[in-house]
Amino acid sequence: MLMIVRMSEINVSKAPPLRVVVPFYATGALFFLVLAVLMFLSANDLTGHYFSPHLLAIVHTAVLGWGTMVIFGAAYELLPVLCENNLYSNRLAGCSYVLLLIGLALLIPAFWSFSAGTGMIAGGSFVLAATLCYVLNVLFTSTIDDSHGLHQKFLVTSALWLLVTVTLGLCLAINLRYPFMTRNHLDIMKFHAHAGIGGWFLQLITGVSIKLVPMFLVAKNAKTTWLNAAWILQNAGLALFLLDGHLTGSADRDLLYAGITALGIAAWLWYINDARHNRLRKRIDIPMKLTLSSFVFIVAAILLIPVAQSSVQPKWVLMYGTLLFLGCLTSLILGQTFKTLPFIVWNEISRRSRVISLPRDLYSETLLRCQQYLYYAAVASLLAGMLLASTTTVSIALVLWVLLALIYVANVFKILFHLTNTRHANDA
């Protein structure tokens with residue numbers, strides 16, 4: 001009941017229609033299953049070099065199909081609520097879904113077979129068009145002022161970093177077929193990756209978490225002193241890294257810029273820890289345990305940066321990427337899906353029907369508990385397999401990932417089927 005009280009403090013009347021949000025959650029869940037299957041088919045690649053066709057397909061499935069698809073849906077639901085504005089355009093939101101889906105359908109097979117040509121370029125163009133739709137919606141929905149807080153500033157800058165990331169990605173795709181870049185392709189790919197990691201995902205996770213984590217933990221008097229510092233340091237570190245790398249081509253100061261960004265992350269995590277420490281709800285449920293785990297993974301990834309930077313062994317870069325994408329990003333989505341989606345569906349059901357259950361009654365607690373244990377086992381065994389260069393251990397881990405994805409998909413669609421059941425009951 002506490003979750004309903006806290007969620008009722010925000011203006012859900014500003015949320016867009018369900019048809020705008022639900023396709024992103026449903027499709028993102030299916031892409032998580034696609035991701036798990038692709039990883040299962042690529043066990044050998046996960047113990048080799050990080051620059052390979054199959055790994056490029058896997059990374060873009062994780063980042064765009066799984067992460068960005070769900071994030072777009074959650075953002076379209078939460079942004080109007082948090083900004084106390086109607087979503088600027090439901091039509092743009094729908095266009096971003098269709099364009100992103102078409103882009104992924106072209107891009108992932110092109111990476112898998114490494115067909116540098118029309119399919120890859122067209123796929124990247126569709127993703128860029130989807131990104132433009134998203135960015136316009138974010139910019140025109142947001143109202144950044146003293147009355148609305150820093151979370152909006154993080155959400156806006158994350159959208160702009162996404163635009164930078166996708167633009168660089170499209171340039172890389174074009175360069176593979178029609179070479180025009182004077183810089184080394186791998187150098188530009190490093191900029192592309194870190195703009196996505198440090199700009200799009202980090203800024204968005206920070207912006208959403210500083211609003212939702214205190215709310216779901218029922219935290220009181222969380223200190224906001226460090227949030228301005230977090231925004232400045234995170235953006236300064238990334239901007240200096242990209243600017244210096246582009247102008248000088250030198251990697252000598254990369255660790256310095258990583259340190260600046262890390263200070264920004266530390267300031268953000270200080271705020272999150274303060275909210276955890278001052279929470280009124282002492283029992284932390286499974287979705288919030290998964291959410292808080294994401295912060296542990298990001299710290300582990302930061303600690304691994306010096307090793308990945310100095311070592312010639314590709315396994316450290318693979319482990320760094322795993323901690324970020326399958327650790328931080330995935331644990332956050334796995335947790336927050338079962339905080340946001342049940343409430344979204346519950347709110348619609350309560351509007352249609354007199355029979356009102358609690359949001360947590362819409363999903364299976366047993367499946368969620370299995371998901372939690374499977375997830376931790378899958379991450380740990382995959383990292384162990386990479387560290388030991390053991391294809392057998394990696395293969396076992398990937399079986400766990402497929403099982404995890406199946407459970408997640410089943411639980412997500414269990415929530416969504418309540419909408420159909422309610423509609424049929426009302427029709428009867």
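For all residues, glycine too, the Cβ spot is worked out from N, Cα and C.
TrEMBL lists 20-43 (among others) with the feature transmembrane segment.
The transmembrane segment annotation in TrEMBL covers 55-79 (among others). Here the transmembrane segment (55-79) has long-range neighbours at 15-16, 20-25, 27-29, 31-32, 34-35, 38-39, 42, 45-46, 87, 93, 96-97, 100, 103-104, 107-109, 111-112, 114, 127, 134, 137-138, 141-142, 155, 162, 196, 201, 204, 208, 212, 321, 325-326, 329-330, 333, 336-337, 340, 344, meaning same-chain residues at least 6 beyond its ends whose C-beta is under 8 angstroms from one of its own.
Summarising the annotation, TrEMBL assigns transmembrane segment to 91-114 (among others).
The transmembrane segment annotation in TrEMBL covers 120-142 (among others). Within its own chain, the transmembrane segment (120-142) is flanked in space by residues 64, 72, 75-76, 79-80, 83, 85-89, 92-93, 95-97, 99-100, 102-108, 110-111, 152, 155-156, 159-160, 162-163, 166-167, 169-170, 173-174, 176-177, which lie at least six positions past its ends and keep a Cβ under 8 Å from the stretch.
With a cut-off of 8 Å between Cβ atoms, the residues of this chain six or more beyond the transmembrane segment (154-180) that come close are 68, 75, 79, 82, 116-117, 120-121, 123-125, 127-128, 131-132, 134-135, 138-139, 142, 144, 188-189, 191-192, 195-196, 198-204, 206-208, 210, 231, 235, 238. The transmembrane segment feature in TrEMBL is assigned to 154-180 (among others).
Listed by sequence, the residues of this chain that lie at least six past the ends of the transmembrane segment (200-219) yet keep a Cβ under 8 A from its Cβ atoms are 2-3, 6-7, 9-10, 67, 71, 74-75, 78, 82, 149-155, 157-158, 161-162, 165, 227, 230-231, 234-235, 261, 265, 268, 271-272, 274-276, 278-281, 284, 287-288, 291-292, 294, 298, 324, 328-329, 332, 336, 339. Annotated transmembrane segment per TrEMBL: 200-219 (among others), in sequence order.
Taken from TrEMBL, the feature transmembrane segment applies to 226-243 (among others). Long-range contacts of the transmembrane segment (226-243) within its own chain (CB-CB distance under 8 A, at least 6 residues past either end) are made by residues 150, 153-154, 157, 161, 191, 194-195, 198-199, 202-203, 206, 210, 253-254, 257-265, 267-268, 270-271.
The transmembrane segment annotation in TrEMBL covers 255-272 (among others). Counting only same-chain residues 6+ beyond the ends of the transmembrane segment (255-272), those with a CB under 8 A from a CB of the stretch are 198, 202, 206, 209-210, 213, 222-224, 226-227, 229-238, 240-241, 244, 292, 295, 298-299, 302, 305-306, 309.
Non-local neighbours of the transmembrane segment (292-310) in the same chain are 202, 205, 213, 251, 254-255, 258, 262, 265, 269, 272, 276, 284, 316-317, 319-320, 323-324, 327-329, 331-332, 335, 376, 379; each lies 6+ residues outside the stretch with a CB under 8 Å from one of its CB atoms. Per TrEMBL, the feature transmembrane segment maps to 292-310 (among others).
Residues or ranges marked as transmembrane segment in TrEMBL: 316-334 (among others). Long-range contacts of the transmembrane segment (316-334) within the same chain, counting only residues at least 6 positions beyond its ends with a Cβ under 8 Å from a Cβ of the stretch, are 28, 46, 50, 59, 62-63, 66-67, 70-71, 197, 201, 205, 209, 290-291, 293-295, 297-298, 300-301, 304-305, 307-308, 371, 375, 379, 382-383, 386-387, 408.
TrEMBL lists 373-390 (among others) with the feature transmembrane segment.
For the transmembrane segment (396-417), the residues of the chain that approach it from at least six positions outside its boundaries are 22, 25-26, 29-30, 32-33, 35-37, 39-40, 43, 46, 334, 337-338, 341-342, 345, 362-364, 367-368, 370-371, 374-375, 377-378, 381-382, 384-385, judged by C-beta separation under 8 angstroms. Look at TrEMBL and you will find 396-417 (among others) tagged as transmembrane segment.
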